[in-house]
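Engineer: First, the structure itself, so that you have it in front of you.
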Amino acid sequence: MNIHEYQAKELLKSYGVRIQEGVVADSPETALKAAKKLNAETGTSWYVIKAQIHAGGRGKGKVKETGSNGVVLAKKLEEVPEKAKNILGGTLVTIQTGAEGKKVNKILVAEDVYYPGHSEPKEYYLSILLDRAKGCNVIMASTEGGMDIEEVAEKHPEKIIKEWVDPKVGLQGFQARKVAFKLGLEGNAFKEMVKFITALYNAYIGSDASQFEINPVLKTSDDKILAVDAKVNLDDNALFRHQDLAELRDLAEEDPLEVEAGKSDLNYVKLDGNVGCMVNGAGLAMATMDMIKLSGGEPANFLDVGGGANAVTVEAGFRIILQDPNVKAILINVFGGIVRCDRIANGVVEAYKSIENIPVPIIVRLQGTNAEEGAKIIDESGLKVSSAITLKEAAEKVRAAITS
Ligand code: GDP
Ligand code: MN
């Protein structure tokens with residue numbers, strides 16, 4: 001689960017990670033109030049207004065309606081409401097949102113931390129994630145902060161510092177010092193970075209996160225180290241242990257069909273293709289998607305209805321697939337193991353009858369216990385549903401359906 005920057009910064013702060021302070025707002029008026037509060041608390045007289053969407057690249061991104069960037073600087077208090085207005089309610093398009101962009105419902109009004117001083121502020125990159133190949137967490141750091149890290153990794157792999165953490169003993173002090181040293185820091189900034197990395201790692205473990213990306217981490221002109229941006233991804237499977245974090249979920253940022261599928265306990269992922277599919281078991285679902293591709297179609301979704309598929313889950317799956325306007329055919333591929341194929345066939349027929357006007361052909365492939373009986377029920381139902389027993393047969397029927 002992704003959370004917003006302002007939520008991520010609160011989480012980091014609660015673990016002692018220094019952050020660029022900010023106050024969230026949802027209107028030009030509350031933005032002004034937020035700026036006044038920041039001025040009183042931090043003394044800042046410049047304000048950074050940041051669109052809160054679940055995507056990066058906001059600084060260079062543009063709001064379609066107004067042309068404003070997704071991150072802007074206001075050098076006067078009076079400029080805050082106007083600049084906030086140019087972002088709020090607009091559609092922000094960044095390299096990560098796709099051309100359709102994302103609607104901005106909230107902004108973060110933050111203190112300016114790039115103020116002048118005895119040295120230039122400098123941006124770094126820090127992330128923590130699971131290295132699956134090594135079976136442990138890895139801290140990645142770079143002096144090339146504020147930039148597209150994928151590009152740095154490709155062109156200058158030597159500029160990416162990696163430190164692997166042994167899960168049995170956790171992050172050791174020398175490891176945090178090693179990263180800070182390799183980043184070229186010294187004096188107070190070095191100490192601050194060690195503290196920053198240590199607190200960040202504690203936050204990562206404590207929140208059962210699956211990815212932290214802080215880009216940029218800033219060394220201010222007075223040698224403080226703080227998080228200017230924060231991308232936090234939490235492990236869905238551990239959210240039951242963090243009720244407070246689970247509540248940070250923003251459904252407006254998620255695909256509406258995926259949200260609806262979640263309510264029916266369906267594992268659904270929306271894709272761009274033209275063949276909807278409904279399968280029991282994730283492995284079979286992936287194999288089915290391959291088969292759709294081989295037959296000349298493109299999967300419109302991934303949908304695993306789970307081991308105990310029945311008429312209710314099949315109907316819920318149908319309804320979700322049918323809401324996708326790109327779907328030209330639906331393929332149901334179910335293995336009757338625990339559930340018998342004749343019962344699934346009855347479920348499909350029932351679900352079909354309960355939904356009016358299904359506009360697309362449906363191909364049902366049932367295999368396993370009572371497969372023949374299942375196929376018979378489908379074929380004799382008189383509905384626009386055709387049955388297939390083998391994968392090859394199913395593929396041919398899908399091909400015929402999308403090319404007709
Ligand atoms: P992203 O573009 O979505 O990754 O958003 P970031 O939070 O990383 O912000 C984008 C850029 O805004 C940063 O790289 C900075 O250059 C700039 N920025 C952020 N905070 C401040 C600030 O306090 N003062 C100034 N002058 N610029 C800032
Ligand atoms: Mn960033």
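Each residue, glycine too, has its Cβ placed from N, Cα and C.
All TrEMBL annotations are machine predictions without curation.
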Engineer: G337, I338, V339 bind substrate according to TrEMBL; which of N237, N267, N274, N280 goes with them?
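Structural biologist: TrEMBL lists G337, I338, V339 binding substrate, and from N237, N267, N274, N280 it also lists N280.
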Engineer: Including all protein chains shown, what's the count of other C-beta atoms within 10 A of the C-beta of K50 (ATP binding site)?
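Structural biologist: Taking all protein chains shown, K50 (ATP binding site) has 27 Cβ neighbours within 10 Å.
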Engineer: Just to be sure I understand, if DSSP states are collapsed into helix, strand and coil, how many residues of the domain 'ATP-citrate synthase/succinyl-CoA ligase C-terminal' (278-398) fall in each?
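Structural biologist: Grouping H, G, I as helix and E, B as strand yields 56 helix, 26 strand, 39 coil.
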Engineer: Near ligand 1, which of the binding-site residues G59, N280, G337, I338 are found, taking a Cβ distance under 6 A to any of its atoms?
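Structural biologist: Near ligand 1, sequence order: G59.
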Engineer: Using Cβ atoms only, which residues of the same chain lie under 8 Å from G59 (ATP binding site) while being at least 6 residues apart in sequence?
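Structural biologist: Same-chain residues close to G59 (ATP binding site) (Cβ under 8 Å, separated by 6 or more) are N69, G70, V71.
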Engineer: Quick check: with N280, G337, I338, V339 left out, which same-chain residues have Cβ atoms within 8 Å of the centroid of the substrate site Cβ atoms?
Structural biologist: G307, G308, A309, V334, F335, G336, G368
Engineer: So if I draw a 10 Å sphere around the Cβ of D229 (Mg(2+) binding site), how many other Cβ atoms end up inside it?
Structural biologist: 24
